[in-house]
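K.L.:
Features from Swiss-Prot:
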type: REGION; residues: 1-28; note: region 'Disordered'
type: TOPO_DOM; residues: 1-77; note: topological domain 'Cytoplasmic'
type: TRANSMEM; residues: 78-98; note: transmembrane segment
type: TOPO_DOM; residues: 99-549; note: topological domain 'Extracellular'
type: DISULFID; residues: Cys126-Cys293; note: disulfide bond
type: DISULFID; residues: Cys218-Cys225; note: disulfide bond
type: DISULFID; residues: Cys270-Cys277; note: disulfide bond
type: DISULFID; residues: Cys381-Cys466; note: disulfide bond
type: DISULFID; residues: Cys403-Cys443; note: disulfide bond
type: DISULFID; residues: Cys403-Cys462; note: disulfide bond
type: DISULFID; residues: Cys407-Cys458; note: disulfide bond
type: DISULFID; residues: Cys416-Cys443; note: disulfide bond
type: DISULFID; residues: Cys416-Cys466; note: disulfide bond
type: DISULFID; residues: Cys418-Cys432; note: disulfide bond
type: TRANSMEM; residues: 550-570; note: transmembrane segment
type: TOPO_DOM; residues: 571-636; note: topological domain 'Cytoplasmic'
Amino acid sequence: MKSENQPEDKRIGKLKREANMQKMKEAAEVEEKKKEENEALVGFFHSYQELFQFFCNNTTIHGAIRLVCSKKNRMKTAFWSILFFFTFGLMYWQFGIIYREYFSFPVNLNLNLNSDRFTFPAVTLCTLNPYRYSALQNELAELDHITQKTLMDLYKYDMSQGQNNRKAQLSRKRSYRSLHYHVSRHPLHRYKRDSQASIEDNNTQVDKNDWKIAFSVCNENNTDCFKQMYSSGVDAVREWYSFHYINILSRIPNAKSLDESDFASFIYACRFNEVTCDKANYTHFHHPIYGNCYTFNANSSNLWMSSLPGINNGLSLVVRTEQNDFIPLLSTVTGARVMVHNQNEPAFMDEGGFNVRPGIETSISMRKETTNRLGGTYSDCTEDGSDVPVKNLYTSRYTEQVCIRSCFQNSIVERCGCGHYFYPLPSGAVYCDYAKHKAWGYCYYKLLAEFKADLLGCFTKCRKPCKVTEYQLSAGYSRWPSTASEAWVFHILSRQNQYNITSKRNGVAKVNIFFEQWNHKSNGESPAFTVVTLLSQLGSQWSLWFGSSVLSVVELVELILDFIAITCILAIHWLNMNRSSDLPIPTSNTTDTFHNVLPPPNTLPRASVDPDVITLPSYKSLESLDLRRVSSQQTE
């Protein structure tokens, strides 16, 4: 029996040795794997807890280590957790305020005083008389006759001019029917002032028992009319007369040739910087309301330069202001109109100019002011108007008023089919004339109301230029010439200019335009919140709340990236687990076959095991041992 157990003991010893070797091999593999993990170029944490604990133990952000070092005291851990995340919230609230201020794009206004030579601005003077009445008398005779009758009906005023020669009467008879028809479609009426009228139409300074004046413009079928109301009869008559006047001008093909372009008949004397002006120093244009206009220093190739301030270092003009041959219903003001503007900019006399009084010396002192705005995201300005959706109808450079007037004229041409006589025409358009465009007045005045209410969007579309040069003006007045000197002054002027001044003091005026001081003001904008300022503010807040640096931010970014990586790894592992759970489960036939191969456990022979053996055989070795025993029993 003992001899039979010896081979069996040998087998068991061999199995023990094999089990020990297998265990040592597995331990070596585990150690090698740990070594490879420690020496790996890129390693990942096995759980979120491991990641968070590593971050708190090694980060340079203040307060993070207190989240793990006090984990044995849950109260402290909870306190530091609340404090840590509350501090984070406060810091990012401050970040939000800083970012909001940065993206509002604030600017700093820089004020500079420059003392250098000035470029003298352009100066425009107008006669305040559109045309010589004698040159247009034949064309205006019929309109004057209808106006005279209208004034008689409304105000019992006999407007007798004493200028009705035979030629004018024949002209009136030939064209009376055509003009009378159009005037009758746009009548001037007097209305009883309504107590329920709007405040604009019902001025509180005018008695309610008084009358208000209006003229009507109707559409082609006379089914709808627009009434242009005026509280002043003078304004109403002048506007009504001007409306018919521009219709007459649009019919005259050679209206521009009626201009009085003789410089000497309007400008008696011209001197700049105590040097006499010549013809190369001015340009001429005509305005349908303000008449002949002369612009000095408009030539950009030879501009006047002013080295010193003062009245003797500027422009001095003596102009004629008599009204012997003015159109009475248009020229209600005597004198001249002057405007100071930049070169290559149109002179809008109705907006930026002011009148010069006859018999008065007007001294205009100027202060130059330049404004440079930041474009792009800092302000809604334009560099040259190329990005403004309005076609420039003027030949000058872009200004806000050029854009607004071009926008209005384009709207008139689009809606009414013709252009207003006061503005330049787009290509292919014609000026409005109620002989050709019957209801253009109705269209124009309704469009004018929309324009003033900004329903056309012109004031919104037209942006301010980024660079603007303005001149602040202040005027002083004195009697000129004085009583003691007027005799010889008028005598010399009448002999020198070969013009007989009948009204004397009301026939001339003097204008002086000069710089008030040596320096001029320049306003510039600079960004108040740059990227450098933004980073400085963010760094200050980060250091205030956590006492950290840029590298601490990098650590936080690394934590976020590791968190994302672990999440991806766990997600992939979870998907693999779900796929392995979908494999087929072994059937009962397979189980029965397995049990048929192995005998019942009680039938196996028992082997004696030495008590000094600590390591147990592996499952595979025992399985092979059982199979051998079964085969030996079957052999026996």
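Glycine is treated like the rest: Cβ placed from N, Cα and C.
Could you place these features in context, so I can see how deep they sit and what lies close by?
P.N.:
Annotation note: Cys293 (disulfide bond) sits in a strand segment as assigned by DSSP. Cys293 (disulfide bond): 25 other CB atoms within 10 A of its CB, across all protein chains.
The number of other CB atoms found within 10 A of the CB of Cys218 (disulfide bond), across every protein chain shown, is 18.
In the shown protein chains, 20 other C-beta atoms lie within 10 A of the C-beta of Cys270 (disulfide bond).
In the shown protein chains, 19 other C-beta atoms lie within 10 A of the C-beta of Cys381 (disulfide bond). Classification of Cys381 (disulfide bond) by DSSP places it within a strand.
With a 10 A radius on its CB, Cys443 (disulfide bond) counts 20 other CB atoms from all the protein chains.
For Cys403 (disulfide bond), the same-chain residues 6+ apart in sequence whose C-beta sits under 8 angstroms from its C-beta are Gly385, Val388, Val390, Asn392, Cys458, Lys461, Cys462, Arg463.
Secondary structure at Cys407 (disulfide bond), as computed by DSSP, is helix.
Following the DSSP three-state reduction, the secondary structure of Cys416 (disulfide bond) is helix. Cβ neighbour count for Cys416 (disulfide bond): 19 (other Cβ atoms within 10 Å of its Cβ, all protein chains included).
Neighbour list (Cys418 (disulfide bond), Cβ cut-off 8 Å, at least 6 residues apart, same chain): Ile412, Ala429, Val430, Tyr431, Cys432, Asp433, Lys436, His437, Trp440.
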K.L.:
Considering every residue in the topological domain 'Cytoplasmic' (571-636), what is the mean pLDDT value?
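P.N.:
53, rounded to a whole number.
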K.L.:
About how far apart, in whole Å, are the alpha carbons (Cα) of Cys466 (disulfide bond) and Cys407 (disulfide bond)?
P.N.:
20
K.L.:
Quick one: give me the count of other CB atoms within 10 A of the CB of Cys466 (disulfide bond).
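P.N.:
I get 19 for this one.
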K.L.:
Mind checking which of Cys126, Cys225, Cys277, Cys432, Cys462 has the fewest other CB atoms within 10 A of its CB? They're the disulfide-bonded residues.
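P.N.:
With the disulfide-bonded residues Cys126, Cys225, Cys277, Cys432, Cys462, fewest surrounding Cβ atoms within 10 Å: Cys225.
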K.L.:
Which residues in the same chain, at least 6 apart in sequence, have a Cβ under 8 Å from the Cβ of Cys407 (disulfide bond)?
P.N.:
Val390, Leu456, Gly457, Cys458, Lys461, Cys462
K.L.:
Can you tell me which of the disulfide-bonded residues Cys277, Cys293, Cys381 is spatially closest to Cys218 (disulfide bond)? Compare CA atoms only.
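P.N.:
That would be Cys293, the closest of Cys277, Cys293, Cys381 to Cys218 (disulfide bond).
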K.L.:
Checking the contact step here: among the disulfide-bonded residues Cys270, Cys277, Cys416, which have a Cα within 10 Å of the Cα of Cys443 (disulfide bond)?
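P.N.:
Within 10 Å of Cys443 (disulfide bond): Cys416.
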